[in-house]
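Trainee: Summarising the annotation, TrEMBL assigns transmembrane segment to 15-36, 56-78, 90-112, 118-136, 190-210, 337-359, 365-382.
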Amino acid sequence: PSVTTLNSRRFTNKLALLLYLVHKVAAIALVCFLIFKGIQGLIDGSNPAKRKEERVLRYLLPQVEAASLLSITLAFAWQKALREWPQIMVYFILWCTFFMSLSAGILLICFQKPATDGVGVCFIAFAIGNGLYACWVSQRVGFCYKVLLKSLEPVDKFRDLNQPAYWMLGAGFLWMSLWILAVVGALNFYYPALVIIALLLSLCWTTEVMRNVVNLTVSRVIALYYLRGMQSNTQFCFQRALTRNLGSACLGSLFVPAIEAMRIIARGLNLLEGEDEFMFSCAHCCLNVMQSIFRYGNGWAYVQIAAYGKGFVRASQDTWALFEREEMEPIVDSDMMSAICFLTGVCSGSICVIVVAAWTAKVHQPFTATISLLAFFIGYLMTRIAMALPHACVSCYYVCYAEDPKNRLFDKTIKERLELIKAGRDVVVPTPRVPRRFTR
């Protein structure tokens, strides 16, 4: 049976927590060792990698630090703007990401180098997909704005709700600075390419955990406000997210991004419905897997993890059961908030690419493609940490409504849309589970 106490003191997903802590200790040890190797290589005059390390320190480190600071500035600018002007910003984010990613791609192609051409083509391809998505979801923007506006109302009651994001971004900046020094040291070690890939994967998991710590903190504060009318202490919720619920943040950080990617693939496969049977035979298996994945792992689970101290899988099951009970699956399937937060990260990354690529092309053009990719990842990861606040607020609005639809803090926004969907007068784009023709 599910645990429903609001004061659970047990640690959730202990195995995932142990794995993350072991990984973090190993990552810190590796970073310290590589920094030592980098310093050793710079001191040793006979080291063949010395010149390469000096070039990296001179022509790569300043741009990376600038990209980190720029991304933090952009992260809070996006969040502040989204809270102040939600209706305008939903449209602005959709189309600004299109123009920024397109501009970054065109700029990189203008350098006329094979590496920059390849990266530039990827940006342009994404921009085209982004533009098509913006046209596709235009009918859903109105409802997204209404939910966002309503879900952000409790934020003003908690003046320190942004502090966890400040702490996580500060920690992220410090870790990023050490991380880039470790990359320099990797040039003076065996198999530098493999070591750098390992460092990059570790960085992605670490920043994703930081984002979900902010998500859990905000989710507990807002969920307790909706469910019990409580004015929770943000610092206490932050400490709880960093201790008792950290295992769930670690586990979710591994699987939720993959689940979201599979969700996009599932929607793409759904477009094939009606084509020949042979092309769609493999999709049957994939979408059956999707049916189980959405029940046992989804991003909505963080609300119940934060509120009730449940494990990630149990929280996912209980949350999806609530959506099914209230017949809200079409609404949550077509929710745009995850996409909006993703696109703000891409937009920040593209802006960082434009600034850093132009700078690097002037001082040391051979590094342009490498620094552009690095700047994009930094801009994306940092922005996602700050955007955890509005994302958590929207998640709490949906999950807490599903748990108690009669709560006086909720209006008729969701209820009216459910009625429109049932009457066939509203547009939804559900994530498919299994195509109808395979269930006959």
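The backbone N, Cα and C atoms fix where each Cβ goes, glycine too.
Would you situate these features in the structure and describe their surroundings?
Mentor: Sequence-distant contacts of the transmembrane segment (56-78), counting only residues of its own chain at least 6 positions beyond either end whose CB sits under 8 Å from a CB of the stretch, comprise 42, 89, 93, 165, 169, 173, 176-177, 180-181, 183-184, 187, 344, 347-349, 351-352, 355-356, 359-360, 363-364, 367, 370-371, 374-375, 378-379, 381-383, 385-387.
When Cβ-Cβ distances below 8 Å are used as the criterion, the transmembrane segment (90-112) is approached by residues 78, 81-82, 119-127, 130-131, 133-134, 137, 141, 144-145, 148, 336, 340, 343-344, 346-347, 350-351, 353-354, 357-358, 361, 365, 368-369, 372, 376 of the same chain, each at least six residues removed from its ends.
With a threshold of 8 Å between CB atoms, the same-chain residues lying at least 6 positions outside the transmembrane segment (365-382) that come near it are 55-56, 59-60, 63-64, 67-68, 70-72, 74-75, 104, 108, 111, 113, 115-116, 118-119, 169, 172-173, 176, 200, 203-204, 207-208, 345-346, 348-353, 355-357.
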Trainee: Quick one: find which recorded stretch in 15-36, 118-136, 337-359 has the most Cβ pairs under 8 Å with the transmembrane segment (190-210).
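Mentor: Ranking 15-36, 118-136, 337-359 by Cβ pairs under 8 Å to the transmembrane segment (190-210) puts 15-36 first.
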